[in-house]
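As recorded in TrEMBL, the features of this protein are as follows:
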- 25-49: transmembrane segment (TRANSMEM)
- 40-273: domain 'G-protein coupled receptors family 1 profile' (DOMAIN)
- 61-81: transmembrane segment (TRANSMEM)
- 101-119: transmembrane segment (TRANSMEM)
- 139-166: transmembrane segment (TRANSMEM)
- 186-206: transmembrane segment (TRANSMEM)
- 218-243: transmembrane segment (TRANSMEM)
- 255-275: transmembrane segment (TRANSMEM)
């Protein structure tokens, strides 16, 4: 007879983080990453909230990205640091699902927000005369609310479906979570395709500008976004590609690469937008 028993493990064991030389320095780096990411993104969010000149569609997107960075940082890094300080690689079933939801939720919000910002740049450069008619604060607010709603519904549904699975083989997992392939397709590859298509349109529009000075002036408005896209997508894609090419990639290498790929963008995004965007008037506070 078919075995109809339902197995739900009390805990999972995360393989990895064992036998790594100088692992203490890695966790010290994570602590600094956490501090810079939280304070940096909080700074960006506060500046956008308090400076009325920044209450425009582009900065609504950047504000949204800062909130997602803060959320992912708090969902990911404290859990890693707890693993180190408590010296335990066990995680309860419920805690694993909760942590999995929030990490993938905020990561998917980041990816879709970068798509929205790419669309903003596409309209600003390709249809400059119609920009304010197409992209306004109301439009951007509705789109960003849609981003949070879609990500919440998708990740919530996925986690709910996982609770209906029976884990009868093993409670040892080789990564943080077990729905990475589906999420990577929907929230990594597809968003990246849309961003690439947006910039193909942007570069085509730039080629029609007669002077190099005009092209550079328009391209400068995209520098911050391009850097944020590269910082977010490239490390994750390289890690996934290395995993697929080398099936023998050790759990230590996979977990460290994945954690850094998710943690570093949240730390660098506020630096990218503050240093590369003239509208941030934070230097006046230092004078």
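Even glycines carry a Cβ here, placed using N, Cα and C.
Unlike curated entries, TrEMBL annotations are predicted automatically.
Each of 25-49, 139-166, 218-243, 255-275 was scored by its Cβ pairs under 8 Å to the transmembrane segment (186-206), and the highest score goes to 218-243. Taking the domain 'G-protein coupled receptors family 1 profile' (40-273) as a whole, pLDDT averages 86 in the prediction.
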